[in-house]
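Single-structure report; data block below.
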Amino acid sequence: MAKVLTLLVLRLLMNLLLIGWISLWIIKPTTIWIQSWRQAEDTARHTFFGYYGLNFAVFSFPPIALSIVGLIYLSLLPQHHHPTRGGRGAAITVSRPAIINSFIGIVSCFEILALLLFLLFLAWNFYARVSNDFKKLMPVKTMNLNLWQLKYYRVATRFGLLAEACLSLLLFPVLRGLSMFRLLNIEFAASVKYHVWFGTGLIFFSLVHGGSTLFIWTITHHIEEEIWKWQRTGRVYVAGLISLVTGLLMWITSLPQIRRKKFEVFYYTHHLYIVFLVAFLFHAGDRHFYWVLPGMFLFGLDTILRIVQSRSESCILSANLFSCKAIELVLPKDPMLNYAPSSFIFLNIPLVSRFQWHPFSIISSSSVDKHSLSIMMKCEGDWTNSVYNKIEEAANCENKINNIIVRVEGPYGPASVDFLRYDNLFLVAGGIGITPFLSILKELASKNRLKSPKRVQLVFAVRTFQDLNMLLPIASIIFNPIYNLNLKLKVFVTQEKKPSNGTTTLQEFLSQSQVQSIHLGTDEDYSRFPIRGPESFRWLATLVLITVLTFLGFLIGLSHFFIPSEHKNHSEVMKLAASGAMKTAKEKVPSWVPDLIIIVSYVIAISVGGFAATILQRRRKHKEAPRMSKEVVIKPEERNFTELKPIPITEEHEIHIGERPKLEEIMSEFEKNLRGWSSVGVLVCGPESVKEAVASMCRQWPQCFGVEDLRRSRMKMNLNFHSLNFNL
């Protein structure tokens, strides 16, 4: 009871923090807030915390506090808890696709609502600022502008605030260990598209802001004079130009046409974000930067925590080479490390490349394999082909290669086993997109849960018969009955007419498939190189708190040292602030001094957070070493890929040759076999064309956005669409 009450209090606190921070953004452009805030800053300037402490506490701390409270909340939840199952009273399925477009992807109802609210906020912010500017237009002292030029110049300036709003949210979707989207059960791979949306908005508003400003300077012949002006107080325009150019370069190289073909160009160019953020700070000033700081602060700490984790080495225990040029790698893990199905890791193999990291879905289940973790990759690029060749060389080499060292970051995945809340599952996979479903099916087969999907339909589309080998890791599940689970598989081979070995059934084909199993590790490697995973949520919350207190301490301390303040009593300060006669201490120092103080405080705080994380990792390693050495290691089950038992069930899995899946017909057949009303989780992973086809089917299915009128409708199911990504 106490735990439930604590969780309710934490949820209430998170909602209050989020609502409070959003409310600040809404009231920020109003005249009442501007006047009140100036007085509050003037009052705080002569206190111990100063105006910088006040800005940080009001604008920066709420999202950071939300992250700390959210991590504590997640630490109190049962590990990979099961959400409440959907029932007849399910209201609106916000996950249902509303827009399906090859350019912007698949957008759900919930995402459209959130996007409209954000655009409404931007419109309100822009209107409030511009209307206030037009009421009290004042000519720029250094430029002789006529009325239309002056108005256009003010409008261009306010577009910069819209870019600032996008920048303040830009880095939250790409957090991994500290991701707050887990609270909404949104995985990292799905939240990346929000980063793309905010980045596109940032570049658009920045181009309007910067381009319009340069246009006004050009037609008034002040461009050379203004752009190189490094003012003692106010804006540094050359820094704004640097920020615009670097941001535009990052955006161009992140376009799908470049990112997919030249990933290294995209990857290394994106590291210019450091130059971009520093230039933005010097251009906008410290007051504007406090709005952007939360995302930058959490991203910096998240990055340093990932670096600390990825320094630990692991190794490849064994590998299975499939004839379809796919590889299954088995890695050792700590038996205490648990992860939800559909989780993924980032993998680096120094033997292939010291700097390249690639994400791969985990195909094993931590409920079954306590001491190992498996991933599968398809050789479709230079890096994966190099991995295949290295493993093949290790198998054929007379001097056996042991301990192929790897580095692992993760696992990352959903906070809850979301698919268990559905009565039935409809899984659609294309090619290597089968990988997250392998872990889901293993999880379903591992335990006899009372609350789990009773019927599972798996639709698997591949180009060639050889690609069917990717089903071998779950062959025992496919061809053996599982208590309380009805699994039916429909396989579609689209580009071949008949198999080369003359088989006619899926069982016959898989039983004759050629798999090369290679053992690379030893029994000692289980305890020497285990993957331990990220720190617990409780320790992550502690690290965030330590880092933020360090930052605040150095921010206040350095500001007191480098920005002298005049100590006056409160009544005198209020009188001077009201009369406008008070000259602030900040005006006596160059504008870049507070900016440098923020940078130095940030670097020190993130370094302290990284040092604390390193200590925690070493402490964890030494603490677990005795337990790992004494524990009896249960090796992963040796799978015999050539011997499959006869199918003991009457309904044989279907294989269709030379055709593509007709999803509407399969779904209609699936619905006929259901008993009574039920919720159906529709999960898809594969190429974008497959995702769009499944999304279109869910959108066209007659359920009126999930709102059921059971008295008028004869439908037996409510579809809930989920798209899984196997690449980023």
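Each residue, glycine too, has its Cβ placed from N, Cα and C.
If you check TrEMBL, you get these features:
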- 300-418: domain 'FAD-binding FR-type' (DOMAIN)
- 12-34: transmembrane segment (TRANSMEM)
- 54-77: transmembrane segment (TRANSMEM)
- 98-127: transmembrane segment (TRANSMEM)
- 155-175: transmembrane segment (TRANSMEM)
- 196-216: transmembrane segment (TRANSMEM)
- 236-253: transmembrane segment (TRANSMEM)
- 265-283: transmembrane segment (TRANSMEM)
- 289-308: transmembrane segment (TRANSMEM)
- 425-445: transmembrane segment (TRANSMEM)
- 537-563: transmembrane segment (TRANSMEM)
- 596-616: transmembrane segment (TRANSMEM)
Annotated stretches the transmembrane segment (596-616) and the transmembrane segment (289-308) touching (3 or more Cβ pairs under 8 Å): yes
Chain residues outside the transmembrane segment (425-445) and at least six past its termini with a C-beta under 8 angstroms from it: 326, 341-344, 360-365, 367-368, 375-378, 380, 417, 419, 452-453, 455-463, 467, 470-471, 473-474, 477, 482, 485, 487, 661, 663, 667, 670, 680-687, 689-690, 694, 719, 724, 726
Sequence-remote partners of the transmembrane segment (289-308) [C-beta within less than 8 Å, at least six residues beyond its ends]: 55-56, 59-64, 67, 164-165, 167-172, 174-178, 277, 280-281, 409, 534-535, 540, 543-544, 547-548, 551, 595, 598, 602, 605-607, 609-610, 613-614, 617
Three-state composition of the domain 'FAD-binding FR-type' (300-418), taking helix and strand from DSSP: 27 helix, 42 strand, 50 coil
Distal contacts, the transmembrane segment (236-253) - CB-CB under 8 A, six or more residues away: 199-200, 202-203, 206-207, 210, 213, 226-230, 259, 262, 265-266, 269-270, 272-273, 275-276, 279-284, 591-592
